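*Asks:* Below is the structure I would like to discuss, written out as structure tokens.
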Amino acid sequence: MRYWYLRLAVFLGALAVPAWWLYQAWIFALGPDPGKTLVDRLGLGALVLLLLTLAMTPLQKLSGWPGWIAVRRQLGLWCFTYVLLHLSAYYVFILGLDWGQLGIELSKRPYIIVGMLGFVCLFLLAITSNRFAMRKLGSRWKKLHRLVYLILGLGLLHMLWVVRADLEEWTLYAVVGASLMLLRLPSIARRLPRLRTRHGVS
């Protein structure tokens, strides 16, 4: 397997972060409401992983190194895993294992609906992130996986609705996300390899 060391580093890093958070919760180091802190951190971790996933293609075009693409799918699947953990923590710590509370939560916090829409889209990408699905779907596979851009928008909207007045951190993620989208515009994406060539010549 090519770039096994890079894949291993991603695996260990993505696994270590939630494990550390759980340990912090165990020793009561997450403040007065550790459950909510876990929910928030897992959601933010999923957004960071989504941004990292989207950054792999521009990085490959700029550097010419295929290792970035080698871990792109892995990062995307870890993003989905973090979202699953985010939802699980929400069910345990916010709903108290009571689905009956979900209706009340939805009426008070409609941003949950936005988050669920993002989860459904991400689920579709996760179950089709394999060669079998690529062969079966053919040209439709790429069209389906463009949902990642919608997922980013939903994720940022979900976070914006959650943080409300505290916009400083959200703005940082929004700027990074918007920059990654700009790098995918055909007129800009075509120039990225040229930048690498010019840098190599100079």
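Every residue gets a Cβ built from N, Cα and C, even glycine.
The following feature annotations were taken from Swiss-Prot:
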type	residues	note
TRANSMEM	8-28	transmembrane segment
TRANSMEM	42-62	transmembrane segment
TRANSMEM	75-95	transmembrane segment
TRANSMEM	110-130	transmembrane segment
TRANSMEM	147-167	transmembrane segment
TRANSMEM	169-189	transmembrane segment
*Asks:* Based on Cβ pairs under 8 Å, which of the stretches 42-62, 75-95, 147-167, 169-189 lies most in contact with the transmembrane segment (110-130)?
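*Replies:* Looking at each of 42-62, 75-95, 147-167, 169-189 in turn, the most contacts to the transmembrane segment (110-130) are made by 147-167.
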*Asks:* Verify whether three or more Cβ pairs under 8 angstroms connect the transmembrane segment (42-62) with the transmembrane segment (147-167), leaving out any pair fewer than 6 apart in sequence.
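*Replies:* As far as Cβ distances go (cut-off 8 Å, pairs 6 or more apart), the transmembrane segment (147-167) and the transmembrane segment (42-62) touch.
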*Asks:* Cβ under 8 Å, sequence separation of at least 6 from the ends of the transmembrane segment (75-95): give me the contacting residues as numbers and ranges.
*Replies:* 10, 14, 18, 34-36, 38-39, 42-43, 45-46, 49-50, 52-53, 56, 101-102, 105, 118-119, 122-123, 125-126, 129, 148
